[in-house]
Amino acid sequence: MPVISVDRLPLPNLKAYSCVSVLALSACVYYAIQAIKEPNWNTMSDTGRRATPNDFERYNPGYNGTEADARTVGQFVSDIFTVMIREPVCVWTMINMAFCWLILLGRAVQKLVFGELRVSEHQQLRDKFWNFVFYKFIFVFGIINVQYIDEVLLWCSWFSLLGFLHLLSQLSKDRFEYLSFSPRTPFWSHVKLMALLATIFALSGFMFVVSIFVGFFGGFNTFAFMSAEVILLSIRTLHIIIRYALHLYDIRNEASAPLNSAEESKVWEKRGPISYYAELCFDLTALLIDLVHHLHMLLWSNIFLSMASLVVCMQLRYTGYLFHEIQRKYKKHRNYLWVRNHLEQNYPMATGKELQENSDNCAICWEKMDSARKLPCLHLFHNTCLLSWLEQDTSCPTCRLVLDIQNPSSANMESPELQNDPQENVRRPFNHFFHFDGSRYVSWLPSFSVEVSHVQAIRQNHIAASNSQLDAMARQVQTLFPHIPLSTAVEDLRSTRSVELTVENVLEGRLTAPVIFRETEREPSTNHRPMSVLQGDVEPAGAARNWDEFSTENVECEDTASLGSRFSKSSSEREKILQKRKEHLVHQARRRYIEKQRASTRTELQS
Amino acid sequence: MAGSALRRLMAEYKQLTLNPPEGIIAGPINEENFFEWEALITGPEGTCFEGGVFPAKLVFPPDYPLSPPKMQFTCEMFHPNIYSDGRVCISILHAPGDDPMGYESSAERWSPVQSVEKILLSVISMLAEPNDESGANVDAAKMWRENREEFDRIAEKIVRRTLGIPT
C-alpha cells in the first residue's frame, strides 16, 4: 500500500471553501447579468447564435431581467451561461464550483451513510486521496502528456468523478470490515451501506458506457485508459458487495440456526468454496486488469518518453509488484487445490455413527458437526475448517500429528510451493521514497513526499517437527489438567510413554502440580475485626482505609458474583456484567492481599 | 471470514462467562468491536506475582482461530517473557509458521483448537515459571537467574500497583 505523507499542503476548511466558491460564483453570475443587459452583448461574439429582437427593452434602465422580459427564464439562463462560458475567469469559477459541489455531495453521503468517520477511516481516506491525485497527476502529465487545457480539464473532471467513487467505495469497504467485527450492528446501517455500494456500482457502469462512447471517437487508447480504472472500480465494488452479502447471510444464519441446523450446515459446507472462489476471481481479475493497464501505460509512455524516467521507473516497479502478486495468488491457489484434493482422496468423511459417538463440536469453529472429515488420528473436523487450516499448516490441530501432505510439485520442481518457497522467506517488503519539491519549480506549488511501501505477508517455511509427539501428548494431558505445568507432564510422559498412564497418575495423585499451583479454598472472611493496634504501627494508612471500604463493599460484591453464571442476550447488559465482574475480582484480590499482609505482620509481631 | 471468527469469539465469550476459570475474566472491551478483548488474570499463588490482578489486551485477527491473537499487558510488567511494552512472548501465541526464537517445536505453537481460556492459563503458568531461555526482557531474565530477591521485590511492587495499594 502506498503511503503518502502530506504535511505542508495547506487545506482550507470546507465551510470557508464553499463560502468563497459560492461568492465567486455569484459574482460571476452578477457580472453575466450585467453583461447581458448591454444592448448588443451577443454581437460581440461571432457565433451569432441568437438574434437580439428585444433591443428596445434593454435600453430601459429600470428593466428587470426575469419578469418584464419577453424571454423565458430558460433563455435567460442560457444567455447568462453563454456569457460565462466566454469569460475564462467565469469558467474557472464554475469548475471550482463543480468541485465544491462534489465535495459537498461527498460530505452529505458521508453524513447520511457513515455518520462520524473513525480515525483510521479518516487516515485511510486521506492517504488514498493523495495517492490517487499523485498517480493521476503523473498519468495526465507524464504519460498521456496532454498539451491543451481543454483536454487537461476533461481528464481532470473524469478523474475527479472516478476518484470520488473510488474513495466512497474504499470508505464502504473499511466500514464494512469494521461492522463485520461487531455482532450488534443495526439492520438499517447495513441497508444504507448496501444501497451506497449498489449506487457506486451503477454509476461505474454508467461511466463505463461513457468511456465506450468517448473511445468511439477518441480511439482505442483513450478508451483503454479510461475504462481500465472504471472496470477496476466496478470489480472492487462488486467484490465488496458479494463479501458483504455472504457476511449478512452468515449472520442471518446464526439467528435461524436452531431451526434448520442440518440444512444450514450443508449450506455452510458449500459456502466455504464459494467465498474462496469469489475472493480468488475478484482478486485475480483486479490484479490482471491493473497489470494490463500499467503495461499499457508503460508502452505508451515509452513511445513518447515524455516526463521523466522516474515515472517509467515507478510504473515498472509497480508492474513488477503486480506481477508478483498474481504469481503469489496463483501459487496459493495451487496449494489450495492440492490440499483439497489430498483431503478428498486420503481422508474419508466420518460416518453417521462416528459422528454420533463423537458428540463434540468442531474444534476449529466450535460449531455443531453434521458432516465431518476424519484424519488418520481419528479427530473430526468440518471439511471447510480443516481445509483452511491445512492450507497453512500440515498437522492435526488437536494432536499435532504431522500429516503427510507434500505437494509433489514442491518435491521435484525448482520453484516449489508457496509454503516451501525459499523466495518467499528471503523477500523483504521493499519501500521507496519519492519527494516532490514543487517550490523548486514554481513558488506556489506544494511540496510533498510519497513513500511507497509494499507490505507482503511473509510466509515462512513450515518445519515438520519429528520429535513433537511427546510435546503433543503433554499438551493433551494439559488440556485435561490445566494446572499441571507442561514440563511436569513431559517429565512423566518420558517414563510412561502414554497419555492414558499419565492421566491415571494425575488422577491417583502420583503426579501433582508443584505447590504453587495448588488452589487453596478460601472463604470470604466476613467476621473480621479490625485490629487497631496493628493498624496503627505497621499498616500503611491507605491500606487501612481500603480495608474499611471493603468490609462495606462486600455485601454488594457478593451478589455481583452470581452474575457470573449468566450470559445475557443484550450486549449492553453483557458489558455491564463483565464490568462488574472485573471490579469484583479486583476488590477481592485487594482484600485478600491486605488480609494476607495483616496475617504475616501479626505472625512477625508474635515471634 | 470475519463472520465465522465472530461466531467463535461469541462462543468463547459465552463459555468464559458461564464457566469462568478461577482468577480469570475476559471479554470484549466494547461490543462494537468483538475483536479486542480485555482480560484480567490473577497472579498464581506461591509465586512473586501472587495476588496481583493483571490487565491485558487481546487483539484477534479477522481469520481467528486460524491465526493466534496478540496479547499485551496494559499494566507495568517485569518478567523474562514479557517485553517491556507488555507484549507477551509465549509459544502458544506464535503461528506455526514463524519461530522468532528458533527453538520452539511446532507442537507448542498456535493451533485452532487453542482458545482464549487456554492462552490465559498458559500465561498464568508462564508467570509462575518463566522460561529464561527466551529472553523477551533480558534484564528481567538476568535478574531472575542471578538476583531472585530483587526480582521478587520488583514483582511485589507491581502487584501492589495493580491492586491500587500504595507501595
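Glycine is no exception: its Cβ is also placed from the backbone N, Cα and C atoms.
Fair warning: this is a prediction, and the values are worked out from it, not measured in the lab.
Taken straight from TrEMBL:
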type	residues	note
COMPBIAS	A:571-580	compositional bias 'Basic and acidic residues'
DOMAIN	A:362-400	domain 'RING-type'
DOMAIN	A:469-511	domain 'CUE'
REGION	A:561-582	region 'Disordered'
TRANSMEM	A:14-33	transmembrane segment
TRANSMEM	A:91-109	transmembrane segment
TRANSMEM	A:129-146	transmembrane segment
TRANSMEM	A:193-217	transmembrane segment
TRANSMEM	A:303-324	transmembrane segment
For the transmembrane segment (A:91-109), sequence-distant contacts whose Cβ falls under 8 Å of one of its Cβ atoms, 6 or more beyond its ends:
14, 17-18, 21-22, 24-25, 27-28, 84-85, 153, 157, 160-161, 164, 167-168, 196
Intrachain neighbours beyond the transmembrane segment (A:14-33), with Cβ under 8 angstroms and 6 or more residues off its ends:
65, 79-81, 83-84, 87, 89-90, 93-94, 96-97, 99-100, 103-104, 107
Is the transmembrane segment (A:193-217) packed against any residues at least 6 beyond its ends, judged by a Cβ distance under 8 Å, and which are they?
109, 113, 161-162, 165, 168-169, 172, 175-176, 179, 223-224, 226-227, 230-231, 233-234, 237-238, 240-241, 244
Mean pLDDT for the domain 'RING-type' (A:362-400), as a whole number?
83
Secondary structure tally of the domain 'RING-type' (A:362-400) (DSSP, helix then strand then coil):
8 helix, 5 strand, 26 coil
For a three-state summary based on DSSP, what are the helix, strand and coil counts in the compositional bias 'Basic and acidic residues' (A:571-580)?
10 helix, 0 strand, 0 coil
